[in-house]
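Trainee: So TrEMBL lists these for the protein:
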- 1-21: region 'Disordered' (REGION)
- 39-123: repeat 'Solcar' (REPEAT)
- 137-215: repeat 'Solcar' (REPEAT)
- 232-310: repeat 'Solcar' (REPEAT)
- 40-60: transmembrane segment (TRANSMEM)
- 286-304: transmembrane segment (TRANSMEM)
Amino acid sequence: MCGTHGSRAPQASSAGQGWGRPWAAASPEEYSFEYGSPRYLLLCGLGGMLSCGLTHMAIVPLDLVKCRMQVDPDKYKGIFSGFGVTVREEGMRGLARGWAPTFIGYSLQGFFKFGLYEVFKIHYKKLLGEEKAYTWRTKIIKKWAGDVAQAVAHSPGMRAARVRSSTESAELRAVPKMYAEEDLWAFYKGVVPLWMRQIPYTMMKFACFERTVEALYKFVVPKPQCECTKAEQLGVTFVAGYIAGVFCAIVSHPADSVVSVLNKEKGSTALEVLRRLGPLGVWKGLFARIIMIGTLTALQWFIYDSVKVYLNLPRPPIAEEPASLKKHK
């Protein structure tokens, strides 16, 4: 068994050392900041901000068409015809509607979500000890993901403004128009279904990703993680992220359909929208969302891990069964 970098707190070198050779084989020799230090956690939050903000802004056209398919399925019958209708009626610029609230909202979400992901992994391992932290690792990630998603489920106001600007108003007029029509309620009426979407989505995003990475190194990759180059490890990160993204899309799609319709309509409640959509209507646009969320999640994990590589931050290895547990078998 090879040694694993990051399994103990690595010694920090002066900031910036080693940044010019980030793609060499992974090794624990020197890092720019100590694992778990405030600067390390802050940079992890920055990586999360870049990964979520940039990726969500990049797929605004696809998300716009997906929202319109959910809100007006008679007009936007499919993903390709939806793109065609949008371009014919509004030109190419119409595909960029909602980019500003998308970038701001998801950047803030990414900062807290990925930053706290690292904080809680360290905290729970110290609190529970090595054996319990390994045995309960999936439950720990789910517990953390649910709590954080409920607390910082990217500003419901930003989400509402983005959906409204995607489906009807010009984006700069969306916020004042929503406030004039429904007061502050317009920005928060979708918060419960938003939590119903974000909690299972975030639980799946982190828990499925972690276990998929473990499975890939155990059953697919022909050599131990510590013998893989950083580029090879990033390839595993991308594949695991895509697989996790597919499951994220499936478990959160019904609530996403409700939120999309709810944020467009005035005076509606989540229960009314759910009854009107019915058991089949809530799955409208699932294929488009699987493509979108699968690609999105893969790119988010890839960018997040790439930031760690570029900044020469410690990257803890996959979870391994402690020797004390192996003795009991």
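Just so it is clear, glycine is given a Cβ too, placed from its N, Cα and C backbone atoms.
Just so you know, TrEMBL annotations never went through curation; they're auto-generated.
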Trainee: On average, what pLDDT score does this prediction assign to the repeat 'Solcar' (39-123)?
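Mentor: Mean per-residue confidence for the repeat 'Solcar' (39-123): 87 out of 100.
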Trainee: Report the DSSP secondary-structure composition of the repeat 'Solcar' (39-123) as helix, strand and coil residue counts.
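Mentor: Looking at the repeat 'Solcar' (39-123) with DSSP, the answer is 74 helix, 0 strand, 11 coil.
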Trainee: How many helix, strand and coil residues does the repeat 'Solcar' (232-310) contain under DSSP?
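Mentor: Split into helix, strand and coil, the repeat 'Solcar' (232-310) gives 70 helix, 0 strand, 9 coil.
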